[in-house]
Amino acid sequence: MTSKSSTSALKVFKIVPTTQQYDWGKIGREAKVAQFAEASKLPGFTVDEVKPYAELWMGTHSSSPSLVKDTGDLLSDHLRKYPDLIGPRIAEKFPDAKNGELPFLFKVLSIAKALSIQSHPDKETAKHLHGVSPKIYKDPNHKPEMALALTEFEALCGFRPLNDIAANLRATPELDSLIPSTILQAFFAAASSSSDSSPSPEQKAALKNLFSALMTAPPSQVHSAIESLVTRYSSSSPSSLADATLHPLILKLQSQFPYDVGVLCPFLLNIIHLSPGSAIFLGAGEPHAYISGEAIECMANSDNVIRAGLTPKLRDVENLVKGLTYECGGGERSYVQPKAFTEESSNGSLLYDPPIEEFSVVKVDLPKGASELQRAVDGPSVVIITHGSGRIAWVQEGKGEELETGTGDVLFIGAGTPVSFSTRGKEDGLGAFRAFVEA
């Protein structure tokens, strides 16, 4: 750093993220979570090669808050002490920001085993669930989220078109057998009149009844149905391109969560494959499950998850079924299409801007020897360096400041601060993701 200013006065500084070792994480150094933590010399961190590393958290959420690296202070305490880092417009728009809380939570995910069939509540539902079950739903906030693939990434995301679900039911007697005939016939009737437009209230009701019947089917019947299905799939080859995707996923989920009703959810939900740099957005009430791969994830500042399958954790099927939107269609409706961050983004920095207020994400990818000036934003930012090394520079009180950065470093950028990203000499380029909020 070129200046002797104290960290507490700086507009850009390093922060200490936290790691989460959930059992679905990748093992040891296979996980980017562990790679980033080790490369940045996370205090007290040592890679255990036999344990999973699932998530890296960057933010102020009380369940696992970040610290200011130079002082060890809670980031939220630091931001409360220096409110200009949050910015007056953000403090006015998001009341919790006045207490040093960021409106978003930034993560890295390293997934070896499928996450639960889940959804996230809207604000009204979150407040209710937190009031009724605060030990389960630990905050009153909603949790829209966006995942940006770092590697090849597979997920279940949103309900398929009604006609696709109907075709899967007809082709899969094991699945069909779990649904009462009256519900099944009502669904087929609704699907027969479906179109490319948003489903009607009657079609949504039919889909809700179908999904509810599946998720509440007696476990003994679910066991028998999956056993029969797996036997059939294991002894026959897929007969279509759709089956070529479904069959291996069903068998994979069965190997991870034997005879769990969530094994059957791919018949109802879109199967999505993302390449590095592709992104999906999931609003409140959208059913989903991340299956495998590694990704950057950003969400509103919440940890509320309503689970119903593929999990050893508490299941809340009633609230999940009640809270879904029952919108349906192809998986492409969940994609986020990036655009240039600014006109000055000559090196290709891309903005992923989902349809919510709490966050946007910029992907920075500089070739060696390059630099890029990024405009000031109204609110705070959090940056993680995902590969390479370089510098972040800014001007403060008329003086130039800079920080050297490398893989795994996590930095905070205060509101209203233009910054320049640059690579370090003739070494490798610099890759980073920057989450921010803007009023």
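Sequential numbering from 1, following the chain as shown.
Quick reminder: no glycine exception, Cβ is built from N, Cα and C everywhere.
According to TrEMBL:
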ACT_SITE  R307  active site
BINDING   Q118, H120, E145, H288  Zn(2+) binding site
DOMAIN    12-162  domain 'Phosphomannose isomerase type I catalytic'
DOMAIN    197-269  domain 'Phosphomannose isomerase type I helical insertion'
DOMAIN    349-392  domain 'Phosphomannose isomerase type I C-terminal'
Argmin Cα dist to R307 (active site) over the binding-site residues Q118, H120, E145, H288 returns Q118
Long-range Cβ contacts under 8 Å made by the domain 'Phosphomannose isomerase type I C-terminal' (349-392), restricted to residues 6 or more beyond its ends, are 12, 15, 17, 32, 36, 56, 58-59, 79, 85-87, 89-90, 93-94, 102-104, 106, 108, 144, 146, 148, 150, 277, 279, 281, 283, 296, 298-301, 336, 338-342, 402-439
Would you count the other CB atoms within 10 A of the CB of H288 (Zn(2+) binding site), including those on all shown protein chains? 24
For the Zn(2+) site given as Q118, H120, E145, H288, which other residues of the same chain have their Cβ within 8 Å of the site's Cβ centre? S119, K143, L282, E286, P287, V305
By a simple count of other Cβ atoms within 10 Å, which of H120, R307, the recorded positions in the record, is least packed? R307
Test of understanding: give the count of other CB atoms lying within 10 angstroms of the CB of E145 (Zn(2+) binding site). 25
Looking at the domain 'Phosphomannose isomerase type I catalytic' (12-162) alone, can you tell me the average pLDDT? 96
